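The block underneath contains the structure these notes are about, expressed in structure tokens.
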């Protein structure tokens with residue numbers, strides 16, 4: 001399984017994301033550059049230039065018309081995917097940590113950090129109403145008083161937002177009223193990443209408490225746990241197999257000149273139902289910060305602390321693999 005190596009960032013990768021069809025891969029890092037690549041051959045299609053700080057999050061809408069990015073330069077920006085033109089600039093008081101388009105691509109949400117004396121908020125903008133963008137006034141703003149949001153995604157059909165907090169809590173916020181619909185605390189430490197399944201019925205969380213967990217998206221009921229010995233930075237669900245991939249490793253600040261084996265910098269594959277690990281993929285020099293499955297399930301990508309993104313196309317053996325219970 002020889003990976004395609006994407007070199008387009010000078011700093012560590014913060015998030016990677018495929019569009020719905022999977023022909024494009026968006027990558028953001030702790031530098032101000034937003035890159036888009038052809039996932040089939042790793043060719044760089046272009047960059048979205050404008051941010052002046054680390055970019056924490058990226059998302060593309062349903063028909064890949066618009067791209068949304070959130071950055072530590074205290075802004076969330078909307079781009080035209082094809083031309084790279086900046087369509088909107090939404091200023092915030094603190095860094096934008098998570099962002100996302102809803103199911104229809106009309107409403108965006110983003111969450112800001114609790115820093116510099118400012119509160120953590122989730123803001124909602126309707127892109128069909130230009131006055132909201134021009135005046136920088138969201139139609140709804142949810143304050144998070146307790147612990148800041150570290151990862152968030154839109155729930156099924158854009159009815160709610162599922163947010164993971166620094167404390168390990170999971171909240172489901174109504175996208176209509178802003179109230180907390182469900183609150184659970186299954187993790188003991190910060191939730192680094194949340195990714196939904198293809199049909200949006202369940203999602204996987206990755207946490208600093210060395211586990212990834214599977215939840216039901218409507219009830220937030222805890223289903224499965226995948227345990228490792230290191231903090232998990234990212235986890236993704238396969239669209240056509242009962243597989244989950246975990247990326248993690250030591251925290252960046254703890255990584256010294258240890259060998260790559262000691263730091264446990266592999267991507268790890270677990271069976272969804274049996275919670276058993278069945279494979280590992282080495283490669284990154286440093287922890288893996290973000291993983292994503294291609295929507296057709298035939299490949300996956302990982303972005304690391306080393307600033308590289310690797311696209312791995314699975315060998316034929318992967319598709320013939322039978323898990324023996």
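Even glycines carry a Cβ here, placed using N, Cα and C.
The secondary structure of residue 282 (ubiquitin cross-link), as reduced to three states from DSSP, is coil rather than helix or strand. The number of other Cβ atoms within 10 Å of the Cβ belonging to residue 282 (ubiquitin cross-link), over all protein chains shown, comes to 10. Marked as ubiquitin cross-link by Swiss-Prot: 282.
Counting Cβ atoms from all protein chains shown, residue 219 (phosphothreonine) has 11 others lying within 10 Å of its own Cβ. Per Swiss-Prot, the feature phosphothreonine maps to 219; the stated evidence is similarity to another entry.
The N6-acetyllysine annotation in Swiss-Prot covers 264.
Per Swiss-Prot, the feature phosphotyrosine maps to 308; the stated evidence is similarity to another entry. When secondary structure is read from DSSP and collapsed to three states, residue 308 (phosphotyrosine) falls in the strand class. Residue 308 (phosphotyrosine) counts 21 other C-beta atoms within 10 Å of its own C-beta, drawing on all protein chains shown.
For the repeat 'WD 1' (8-47), the residues of the chain that approach it from at least six positions outside its boundaries are 53-60, 62-64, 67, 69, 71, 73, 79, 81, 84, 252, 286, 289-296, 299, 301-309, 311, judged by C-beta separation under 8 angstroms. Positions annotated as repeat 'WD 1' by Swiss-Prot: 8-47.
Within its own chain, the repeat 'WD 2' (50-91) is flanked in space by residues 11, 14-15, 17, 19-21, 24, 26-34, 36, 97-101, 103-105, 108, 110, 123, 125, 127, 133, 136, which lie at least six positions past its ends and keep a Cβ under 8 Å from the stretch. The repeat 'WD 2' annotation in Swiss-Prot covers 50-91.
Per-class residue totals from DSSP over the repeat 'WD 3' (144-183), listed helix then strand then coil: 3 helix, 23 strand, 14 coil. Annotation source Swiss-Prot lists repeat 'WD 3' at 144-183.
According to Swiss-Prot, the feature repeat 'WD 4' maps to 186-225. Mean pLDDT, taken over the repeat 'WD 4' (186-225), works out to 94 on the 0 to 100 scale.
As annotated by Swiss-Prot, repeat 'WD 5' applies to 283-324. Sequence-distant contacts of the repeat 'WD 5' (283-324), counting only residues of its own chain at least 6 positions beyond either end whose CB sits under 8 Å from a CB of the stretch, comprise 1, 3-18, 20-22, 25, 27, 29, 37, 39, 42, 193, 195, 198, 230, 233-242, 245-252, 255, 260, 263, 265-267, 271, 274, 276.
Residues 97-98, 100-104, 107, 109, 111, 113-114, 119-122, 124, 189-196, 200-201, 203, 205, 207, 209, 215, 217-220 of the same chain, all 6+ positions outside the repeat 'WD 3' (144-183), place their C-beta atoms under 8 angstroms from a C-beta of that stretch. Taking CA atoms as the reference points, residue 282 (ubiquitin cross-link) and residue 219 (phosphothreonine) are 36 Å apart. Helix, strand and coil content of the repeat 'WD 1' (8-47), in residues and according to DSSP, is 0 helix, 21 strand, 19 coil.
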